Amino acid sequence: MSKPVVGIIMGSQSDLKVMKEAAEILEELQVAYKLTIVSAHRTPDRMIDYARSARSKGLKVIIAGAGGAAHLPGMVASMTTLPVIGVPVKSSNSIDGWDSVLSILQMPGGIPVATVALDGAKNAGILAAEMVGAFDESVAKNLEKYKDELKEKVLKSAESIEEKGWRGSKIGF
Ligand code: RP5
């Protein structure tokens, strides 16, 4: 396995049910990653060490997921020049998900976090792969293949729905 270029972190083990989707798509796209738990509130020193050493460890992008008062992505972004992708998680302490979304999205000027949709870990993985694909041709090729397959799937569904009518088609993507 090559050296990880994407770091995936989350505030709690309970975020894994969502954040595993980032790991799964990175594996599909053949991007080396390292996943661990770093909590902004429960392990603040670990968060500082992680953010400050991420670049020197060879990471190129960090995906950070958290729920509720989700300070992890923004705090990590404040301590690194690597791009940080934030995943708002609808966790047990989240009111309705908006708390996580807004606390990751509404960053002050100068410290951006690229925020994906609520529980959008899969897209976070794809976005991270696209960042890596900007300088790694083999990852860019894997992304091209992935997007071609998506297109083919839609075209096949369109063909089938036009041929059989919507009643004869299965519901869902
Ligand atoms: C956040 O609190 C974590 O990211 C998680 O989404 C949420 C709940 O954590 P647990 O109480 O399940 O450990 O910091």
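In case you wondered, yes, glycine gets a Cβ from its N, Cα and C as well.
Here's what TrEMBL has on this protein:
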| type | residues | note |
| --- | --- | --- |
| BINDING | Ser12, Asp15, Arg42 | substrate binding site |
| DOMAIN | 4-154 | domain 'PurE' |
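Fewest Cβ neighbours within 10 Å among the binding-site residues Ser12, Asp15, Arg42: this applies to Arg42.
Checking the binding-site residues Ser12, Asp15, Arg42 against ligand 1, the ones whose Cβ sits under 6 Å from it are Ser12, Asp15. Each residue in Met10, Gly11, Gln13, Ser14, Ile37, Ser39, Ala66, Gly67 lies on the same chain as Ser12, Asp15, Arg42 and has a C-beta within 8 Å of the C-beta centroid of that substrate site, without being one of the site residues. According to its DSSP assignment, Ser12 (substrate binding site) is coil. Across the domain 'PurE' (4-154), the model assigns an average pLDDT of 98.
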